[in-house]
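As given in TrEMBL:
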| type | residues | note |
| --- | --- | --- |
| TRANSMEM | 20-39 | transmembrane segment |
| TRANSMEM | 59-80 | transmembrane segment |
| TRANSMEM | 100-122 | transmembrane segment |
Amino acid sequence: MDTTSFLTKARGLLHIRNQLVRECLAELLATFMLIIITLSSSAQKITSFEMKGNLLTSYLGGALAVMVGIYTAGGISGAHMNPAFSFAMCLIEQFPWWKFPIFVVVQTLGSFISAGAVYILYYGMGEQHWAREAHSDGRGGQAYGHALPLSQDAIWHYSNGTLTVSGPRETASIFATYPADYVSITNGFLDQVIGTGVLMVGIMGIMDTRNKAVPKGLEPVVVALLVLSIESSMGANCGCPLNPARDLGPRLFTYVAGWGPEVFRWVEGRG
């Protein structure tokens, strides 16, 4: 059997004929691409003490991740990647309501899986090197006793082995967004309504054929620039998630991965 024949048969076996399943898998992959790039840019910035990234690279990573996600699945599922966008499409009758809860689940699942991938990438699977614990030998010198495991992975190194939601070495914000200390619940809610609203209006304007047309094939680039503009202007209060799945999926992951129930708790003075 030659290679061409084998690939043809494999393609036939793996071909998914159900349109809904195809759309769900495409949406899952697009959301995965969006979130893994977005969270990784944040992880690189935080765990390197901003030596290998800063706020601008984090924003650029998130914006370009939107572009990658749209190019990945825009022709199959529409690459919504965001329950807010799926909801907006339903409101203008461009997307059936019965698909809405399915897409929300798929988008949240894709975000959860992405958070797990970033956790493995930056935290690892417990790979360690060993160092000797130093102590006095009783004669003014130094001796080495018990061997201590020292993790080489970025999140563990940055946080000193403690997974926390607040404090100077917190790492929960790698995965989910948290409001600034001064932000109230009301202001935080308003912040997200306005930010997400600007995103939706901007995307609708880009999609509207009656407006000045974006060159065909460059729509994802323009959407990425829109996201970058919103991040650069409305990110101070709450981190500019603009996407319920982008926040909920990774937040659920941090809950089960060791950060605990505090990831869902609002504390005055911390948010």
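Positions of Cβ are set from backbone N, Cα and C atoms, glycine also.
Outside the transmembrane segment (20-39) by six or more residues, the chain places 61-62, 64-66, 68-70, 72-74, 76-77, 79-81, 99, 102-103, 106-107, 109-111, 113-115, 117-118, 174-175, 245-246, 249-250 with a CB less than 8 A from a CB of the stretch. Nonlocal intrachain contacts for the transmembrane segment (59-80), taken as residues 6+ away from its ends with a CB within less than 8 angstroms of a stretch CB, comprise 22-24, 26-27, 29-31, 33-38, 40-42, 86, 89, 95, 103, 107, 219-221, 223-225, 227-228, 231-232, 235.
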